[in-house]
Structures are given as structure tokens and as C-alpha cells.
Amino acid sequence: MGNLSNNKQATLLALLATFFWSTVATAFKFGLEQLTPTQFLCWVIIIAWVILTIIILSTGKWKIRVDKRSKYLALAGGILNPFAYYLVLFHAYNQLPAQIAQSLNYTWPLVLVIFSSIFLRQAFKPMVFWGMLISFGGVFVISYGSMHSALEVNLTGILLAVGSSLIWASYWIVNKLSHTHPIQQIWLNFTSAIVLMVPYTLLTDGLPVPQLQGGLAAIYAALFEMALTFVIWLKAMQLASSTDKISHYIYFSPFLSLVFINALLHEPILISTIGGLVLIVAGIIWTEYANKFRKPSNTNT
């Protein structure tokens, strides 16, 4: 009964996290209506850092001892995420319709497979290649369809959205080498990011106090994209007897996001966006299956 109860809790928490992540693309666009990408990100990082500091102090995770190498890796990881990753991503959102930016950004698992093969020396099988081909076909469908639609789309925005996946995959590789508690690790990420982000913003765009819409969007993004939702997802992973089943809920997020984008931003959702996103997700699932098929499963873990 205990395991059943834990699995139910894990499912509810995973669904809650998926719901929150599906709303953030809309929040990004609302924030970017009043703030530049740099200003918006700076406020989001500041707010998220405060929230994460409260979490790490209240849970006692700051007491966990960390070796210097892992600490430096986590601090270096903050340069990649949230600093560089979200800076590129928010510029993409600023130049593209939300449906295009969030769909193209979803290609990061494919880049991660490539990087894992290069940097972690994980085997790369032909089946994985076919999954990647399916997903990148989805990228083409979304890009081609959007550029031949009535939506305002430019090549720079598309390259930024896809390029952000390179940064995220790089961040994941760096974090893989660090051996800190996940909450402690993300706090260190944000600590180094805030040290970079504040002076960078002051020297470039300035940091005005946001108006109501921009401020609320920054608070929402900090809570439900970066800080609170991460903790919720982590708790779901800890409670679940099988993380594979729980992790698949995240694939509902980009499709649910299209509902919010259409309802709140009034973007007409293109057939090419839906079709391309289906191909991207299908390719990712195919790639995951191929990776699991690649190595023997350990039923004792």
C-alpha cells in the first residue's frame, strides 16, 4: 500500500509539474511585451534565486557537503543555464510566435543524444539515428510551415530556438559530471547566473522596475518554470517506483501549451506546428526506446 500511495502521489506531482510547464510559454510572451529579453530574464533569475534560497534554507539542503570539483562544475553550469540558455531562448520568443519557439526548443533531447555520444562515449546505434531523423523532420515541417504562413517568423528566431537546445544539452552534460544534490545544484547554478546577469543587464538594457503585467509574468516564470516546478518534479521522481513511466508525462506539455497559447495569446495554431511537434515527440520517444534497447535493463534497481 505504501508503494501504491507513493506512486499515486508521484503521478499527481508529475502531472502538476507538466501542467505548470505547459503554461510558461504564454507567460514568457506576456513578459516580453513589456520588457526586453535581457530585462525579463534578469528579473526572473533574481526572483527564482530568492525562492530557491528559501527552499534550500528551509529544507536544510545547504548543509550537504559538496566537493570542490562538483561545486565549481555547478557554478560553471549556471553560465550555461539559466544565463545563456534562457537569454537565447527569450530572444527566440521575442522574434517568433510562442507556438514556434516552444516547439523548436523541444529538440534538446536529440542534441543530448549526440552530445552524450561525443562527450560521455555512449554508443550511437542506427535505431537512434532514425528517431533523430523523424524529429528533425518535425523541425523542418514547423519551420517551413510557419515561414509560409501569415505569422511573423524569421530565420534568426528559428536558429535561436533550435540553438537554445545546444546550450541546454551542454548544461546537462556539465551537470552529469557534478555530484551535488539536485536542489543544491540548481541553487549554485542560479547563484553564478545572478552574479553575471545583473551587471550584464545594467550595462546593456538597464533594469527598470517592471509594470504589473511584466512583473507578474516574471514572478510566474520564476515560480513555475525555474524554481517551484523543478522541486515538484524532483519530488515526483523520488516517490515514483518507476521514473520511466512518470517522465513520459512531460510529453503532454508542449501539446497542452498550444491550448494556452491559442486561448490566452490568441495565436492561430498552425497544422504544421501540430504535425511537426508530433514528429519531434515521436522521434524523441523512438530515440529513448532505442537507447533502452541498447543496454540490458537492471531489474534490481
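Backbone N, Cα and C define each Cβ position, glycine as well.
Just so you know, TrEMBL annotations are computer predictions that nobody has curated.
Record features (TrEMBL):
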DOMAIN    11-143  domain 'EamA'
DOMAIN    156-286  domain 'EamA'
TRANSMEM  37-60  transmembrane segment
TRANSMEM  72-93  transmembrane segment
TRANSMEM  99-120  transmembrane segment
TRANSMEM  127-147  transmembrane segment
TRANSMEM  153-174  transmembrane segment
TRANSMEM  186-203  transmembrane segment
TRANSMEM  215-234  transmembrane segment
TRANSMEM  246-263  transmembrane segment
TRANSMEM  269-287  transmembrane segment
Counts by DSSP class (helix H/G/I, strand E/B, coil) across the domain 'EamA' (11-143): 114 helix, 0 strand, 19 coil
Helix-strand-coil residue split for the domain 'EamA' (156-286), DSSP-based: 111 helix, 0 strand, 20 coil
For the domain 'EamA' (11-143), mean pLDDT (0 to 100): 93
